[in-house]
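Visitor: Please find one structure pasted underneath; my questions will follow.
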């Protein structure tokens, strides 16, 4: 271990409490919130998003959740119009299934294609482009006349949801500290759940009262309002924190001595007296060092200027390293991002979130088929109301995985000498590992045997609980494990997740037809248990896997940072190794 709070060069293992003997020094330079060491360490620049006041941070989160809710709703409302579209336009149900598959593909792979633009041109432009596609897709849906139209508009709507699949989590990580992210990701998952489950409910009422085309018109109106809010109130969060910290220095007039934040020994002069003390917990080569600055006079504090409102909401915020229009950098980043699929934590998180999308295809299909026939004889509105138990369960799951998850990881860190391990969060997967499969069993078996609606609705609530917390916990774990590549990691999760959704969109109906409802839900309940149970190997071996991939992780970051460099004939002196976003 190293002094001044640097635990070891292992991603996902961080010092979170100052009681740790290497950070408890009175003169420690680590910034804290009470006893909690802030991770990542913010700069002193008030323009750093980590230093924003609570209102700016919370409004940023509100907009992130709003775009997740809106895009989730318009991506799931087409099913409420299927019967009327079939009767009026003759569009087959198979064509509508194809449209749903196209939507999943566009969500996952446009997330991948948009990722480099986030670094090169800023976050705002990606959000705005996606919302624009949502507006166009909704309008196209309202004007559908042919089968090709019905597929094309879903492609546009899929592109719109891409911003809510990876960029939203990245935005959370830019504004909130690591010990705050679990609950924030939980709120994001809850917003996605509200859109996913209540979007079809609202669309069903719109279709029955105003006609199915008004689903598209209302989607256009709500997406348009969201677009305007983002255009004028969503601030750009591009900030080169590493460069800002490197620039910070204190001038000591007596000796003209510069003391850098990293307290590099070669910069220390006679006015700084080292007090070296051997620690039993350290190797012979490692020492605990407390530096006492006798006198710092006439210190020159840096002057920070706040960007104007119009600069903070600029349509494009080009990276400092942008060369020309950035085409070469864009292509190189696309290829670089493919490396994320070599990280086990990315595959694990993608599996958890993708499985939830897969089960969604099954129970939505069952609701629309079995529950609209005898003995239930539900209508469109009654089927839509079946999503209410899911949203209740998802709300509880998000509170469990988010708020309680953050509390649990801090509690575990206190018991570990102030050291927080990423895998501590995965202990919370025990509950969904039990509850989620039980929910699938209750709903599937209850539907097949025509149980009273009560137990089957409870089953839907259990399924919603799994939806709410499995994705929250696994994605928060991934963000903790590899904090330097949050966006790229979430892109990987999105690709895996939506590939699952695409495959099971076509597989679920054949599965149900061949096995029957009861046996199908028994089989996917077992699969659900197996998928979530992969959390236990991650708990036991996750740290070992992080050690195994640590070199690969830092190589990934170094290569990415080199991609940020301008072409050789442009001067980048002093910027080597600093990521410019």
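Any Cβ shown, glycine's included, is placed from N, Cα and C.
So Swiss-Prot has the following annotated:
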type	residues	note
MOD_RES	28	phosphoserine
TRANSMEM	61-81	transmembrane segment
TRANSMEM	100-120	transmembrane segment
TRANSMEM	125-145	transmembrane segment
TRANSMEM	187-207	transmembrane segment
TRANSMEM	214-234	transmembrane segment
TRANSMEM	340-360	transmembrane segment
TRANSMEM	382-402	transmembrane segment
TRANSMEM	426-446	transmembrane segment
TRANSMEM	458-478	transmembrane segment
TRANSMEM	486-506	transmembrane segment
TRANSMEM	522-542	transmembrane segment
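Buried or exposed, and what's around them? Tell me for each listed feature.
Guide: Within its own chain, the transmembrane segment (61-81) has Cβ neighbours under 8 Å at 96, 99-100, 103, 107, 127, 130-131, 134, 137-138, 141, 154, 157-158, 160-161, 163-164, 168, 171-172, 175-176, 184, 187-188, 190-196, 198-200, 202-204, 206-207, 212, 215, 219, 222-223, 226, 229-230, 233-234, 364, 368, 380, 384, counting only residues six or more beyond its boundaries.
Sequence-distant contacts of the transmembrane segment (100-120) (same chain, six or more residues past either end, CB-CB distance under 8 Å): 75, 78-79, 126, 129-130, 151, 154-159, 161-163, 165-167, 170, 318-319, 322, 326, 329-330, 333-334, 337, 357, 487-488, 491, 494-499, 501-502, 505-506, 564, 581.
Within the chain, the transmembrane segment (187-207) has long-range Cβ neighbours (under 8 A, six or more residues past its boundaries) at 61, 64-66, 68-81, 84, 164, 168-169, 172, 214-215, 218, 360, 364, 380-381, 383-385, 387-388, 390-391, 394-395, 397-398, 401-402, 464, 467-468, 471-472, 475.
Within the same chain, residues 59-60, 63, 66-67, 70, 73-74, 77-78, 80-81, 124, 127-128, 131-132, 134-135, 137-144, 153, 160, 202-203, 206-207, 313 sit at least 6 positions outside the transmembrane segment (214-234) and bring their C-beta atoms closer than 8 Å to a C-beta of that stretch.
Within its own chain, the transmembrane segment (426-446) has Cβ neighbours under 8 Å at 359, 363, 366, 393, 397, 400-401, 404-405, 408, 412, 455-456, 458-466, 469-470, 473-474, 477, 517-518, 520-522, 524-526, 528-529, 532-533, 535, 538-539, 542, counting only residues six or more beyond its boundaries.
Using a Cβ-Cβ cut-off under 8 Å and counting only residues 6 or more beyond its ends in the same chain, the transmembrane segment (486-506) has close neighbours at 97, 100-101, 104-105, 107-109, 111-112, 115, 118-119, 162, 165-167, 169-170, 173, 337, 340-341, 343, 345-347, 349-351, 353-355, 357-358, 360-362, 475, 478-479, 556, 560.
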Visitor: Take the C-beta pairs under 8 A between the transmembrane segment (340-360) and each of 125-145, 382-402, 458-478. Which stretch has the highest count?
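Guide: Stretch with the highest Cβ contact count: 458-478.
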Visitor: Let me spell it out: take the transmembrane segment (458-478), skip the flanking residues so only those 6+ beyond its ends count, and list any with a Cβ under 8 Å from a Cβ in it.
Guide: 169, 181-182, 185-186, 189-190, 193, 197, 345-346, 348-349, 352-353, 355-356, 359-360, 363, 386, 389-398, 400-402, 405, 422-423, 425-426, 428-429, 431-432, 435-436, 438-444, 446, 489-490, 493, 528, 532, 535, 538
